[in-house]
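Annotated L-glutamine binding site per Swiss-Prot: Gly54, Glu55, Ser56, Arg120, Ile149, Arg150, in sequence order. Feature annotation from Swiss-Prot assigns active site, nucleophile to Cys86. The feature active site, charge relay system is assigned by Swiss-Prot to His197, Glu199, with sequence analysis given as support.
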Amino acid sequence: MGGVSTARPVIGVLALQGGVAEHLTALERSGAEARPVRRPEELAQVHGLVLPGGESTAMTRLLDGFELFEPLRERLAAGMPAFGSCAGMVLLAGTVLDDRVEQDTPPVRPFGAIDMAVRRNAFGRQVDSFEADLDFAGVTDGPVHAVFIRAPWVDKVGADVRVLASVAPSGHGSEVTAPAGRIVAVQQGPVLATAFHPELVSGDERVHRYFVQTVRAS
């Protein structure tokens, strides 16, 4: 699609796994026309796309099965705005790191839309899920409450990547140390990614509004 010419952009949510309904609701409340996307022809009709959480290796297989992987790769390469949360962040990375990959698990094939290295499940497994309040660049009216579930973090970013939020280790993922805290939200051009799930915080659509504004400006 071409540039966004209306105040109400059409934003899709990749409807293969994760909190699809929650993302759709948050986008609608943020001023977008939100649509689920499962087919290439649906992808072609949106100005931007949300890649929700889930399991990144399974999502890669589902993208292949629904014949969406190549069309999505092409749209991202052409500059389509995108927002990935949790597993969606992993899929948008340039490099994926995983210390716990099992031998029979196929590797994640990331799209390389953001120049970053992301470590899968870095904060731990399901029992290590946690919540934190974060200062989020570009979002006003106080900190963002963030829900982390088997969350990744960003090990490193390229020069063109803006860090939007970080969280101190606080005992999570203590097998890897970093003095400056963990990067958990980034942006490169019109592509945004968070390690946490903003769609799970009812009544706070500020991160989604930030993405909708990004789509409008693209």
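We count from 1, first residue shown onward.
The backbone N, Cα and C atoms fix where each Cβ goes, glycine too.
The active-site residues close to Ser56 (L-glutamine binding site), defined as a CA atom within 10 A of its CA, are Cys86 out of Cys86, His197, Glu199. The record assigns Gly54, Glu55, Ser56, Arg120, Ile149, Arg150 to the L-glutamine site; their largest pairwise CA distance measures 13 Å. Listed in sequence order, the active-site residues near Arg120 (L-glutamine binding site) (C-alpha within 10 Å of its C-alpha) are Cys86, out of Cys86, His197, Glu199. Considering only the binding-site residues Glu55, Ile149, Arg150, the residue whose Cα is spatially closest to the Cα of Glu199 (active site, charge relay system) is Ile149. Sequence-distant neighbours of Glu55 (L-glutamine binding site): residues of the same chain at least 6 apart with a C-beta under 8 Å from its C-beta are Gln17, Ala87. Highest Cβ count within 10 Å among the recorded positions Cys86, Ile149: Cys86.
Listed in sequence order, the residues Gly53, Cys86, Ala87, Val90, Asn121, Pro152 complete the 8 Å Cβ shell around the L-glutamine site centroid, once Gly54, Glu55, Ser56, Arg120, Ile149, Arg150 themselves are left out.
Within 10 Å of the C-beta of His197 (active site, charge relay system) we count 24 further C-beta atoms, all protein chains included.
Each of the binding-site residues Arg120, Arg150 was ranked by the number of other C-beta atoms within 10 Å, and first place falls to Arg120.
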